[in-house]
Amino acid sequence: MLTRLLRRGTSDTDGSQTRGAEPVEGQRTGPEEASNPGSARPRTRFGAWLGRPMTSFHLIIAVAALLTTLGLIMVLSASAVRSYDDDGSAWVIFGKQVLWTLVGLIGGYVCLRMSVRFMRRIAFSGFAITIVMLVLVLVPGIGKEANGSRGWFVVAGFSMQPSELAKMAFAIWGAHLLAARRMERASLREMLIPLVPAAVVALALIVAQPDLGQTVSMGIILLGLLWYAGLPLRVFLSSLAAVVVSAAILAVSAGYRSDRVRSWLNPENDPQDSGYQARQAKFALAQGGIFGDGLGQGVAKWNYLPNAHNDFIFAIIGEELGLVGALGLLGLFGLFAYTGMRIASRSADPFLRLLTATTTLWVLGQAFINIGYVIGLLPVTGLQLPLISAGGTSTAATLSLIGIIANAARHEPEAVAALRAGRDDKVNRLLRLPLPEPYLPPRLEAFRDRKRANPQPAQTQPARKTPRTAPGQPARQMGLPPRPGSPRTADPPVRRSVHHGAGQRYAGQRRTRRVRALEGQRYG
């Protein structure tokens, strides 16, 4: 009996030393840890890392670095043959891509250091400048025509596409506009009137080039802004229908675009002309197999597949890196989607929340369209694969937007609290970034949030007592309205106004499910 008691005491002592969930003396435990110790700490190291304040910032920087590095490697591999044929050197296209990547890194660093208030202040001016650039590029002698589209400026041998800058400026200005109008509880008309006409002007200028791919990309940005702003579903569906119908009309209006659509519907109709690119891209993907032919060992780039370094670089990735490399690239874009939506849902500023979600949708939509027409699911539109294809202005604009997303990650409430409490980050010290400012909502939004958190019960008005009239005394002498001929037991129905603004006054302010999904902590 004594031996059993000694063994039991020894096991209890060992168990108390190994159990880490029990609080020890001197250790502070919060109310949540005391009530539910299992949920206070993550079970794995990966879960603990995801719960750190700067995890979103590290994730977006790492994903952008991996995509940019992979893009530079594949541009060098896919463009060496064409560069040597055109200029006698295999490094020309790759060198230009490196220079544009440096420009994008500088732009991303500037956006990373920029304050949110200054960004919103210059949003409209930046969009207006890009509209002027879209007008100038249509002037003969100023804009350069390539591949049937007049949409480039050429300066010192470097080409710049103003439509890429217009998309970036429109996303920033649209997020600023919708965030401000949503705070003021503006009507649906007031929310749509500045945004949609401005988008129509930009789309019309891009269509005049003409450029179907950039038109579709601008439509994605507009739909993303409308969707994540929480507008009514009928407004979003009508906008989606308008964008789809416009894209369909543009696809069959011009000769080369209609040829692409016909070749997509029937690839065997003209395999040597309009369907040649799509056919060769499928051959390259099939040639790669599971593990690919090896980096730099592809055959399609030897003048078999036109624009192998640009629009159809995903086919070269599938040929040289195989199915494994293609799935790895898709995994990187999936990680980018998770990171962008994580930052959007954790942001306290409505402007950063809306801009981050829209930008994430834009990059993913463009990647989906590019990969879709390479593998044959969509007709060829000419959209580039973000951060992978050889496109100078596209790469610079995308890196600048990633700088804005990283800036939003630093403005998460937990990140702001950690950085301002002195728990600095190595990456922040290396980049010499300033401390982020906590989000301070306007007084109107703060008052509305307090009213929403503490709703007041509806007060019932007491029934008004009517004086009794003496028998034979008229009601007019008692100060009462004359009685009608027929008795009335209830108040007459109030006729409501049928003015269009009455029903739409606060139609844009309904907290839909997609808005609640992006609602993070409101105050930093």
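Using the three backbone atoms N, Cα and C, a Cβ is placed for every residue, glycine included.
The membrane topology recorded in Swiss-Prot places ILE343 on the side opposite to THR381. Packing against the topological domain 'Extracellular' (374-388) from elsewhere in the chain are residues 64, 67-68, 70-71, 74-75, 147, 211-214, 216-217, 251, 260-261, 263-264, 267, 277-278, 281-282, 285, 310-315, 317, 329, 363, 366-367, 394-395, 398-399: each is 6 or more residues past its ends and has a CB under 8 Å from a CB in it. Within the chain, the topological domain 'Cytoplasmic' (111-121) has long-range Cβ neighbours (under 8 A, six or more residues past its boundaries) at 172, 176, 349, 351-352, 400-401, 403-404, 406-407, 410-411, 431, 433-434, 437.
Model confidence over the topological domain 'Cytoplasmic' (111-121) stands at 93, taken as the mean pLDDT rounded to a whole number. Residue counts for the topological domain 'Cytoplasmic' (333-350) by DSSP state, with H, G and I taken as helix and E and B as strand, are 15 helix, 0 strand, 3 coil. Packing against the transmembrane segment (192-212) from elsewhere in the chain are residues 127, 130-131, 134-135, 137-138, 148-151, 163, 166, 170, 173-174, 177-178, 218-219, 222, 225, 231, 235, 239, 246-247, 250-251, 254, 257, 381-382: each is 6 or more residues past its ends and has a CB under 8 Å from a CB in it. Counted over residue pairs separated by six or more positions, the transmembrane segment (389-409) shares at least 3 Cβ pairs under 8 angstroms with the transmembrane segment (90-110), which defines the two as touching. With helix defined as DSSP H, G or I and strand as E or B, the topological domain 'Extracellular' (143-151) counts 0 helix, 7 strand, 2 coil.
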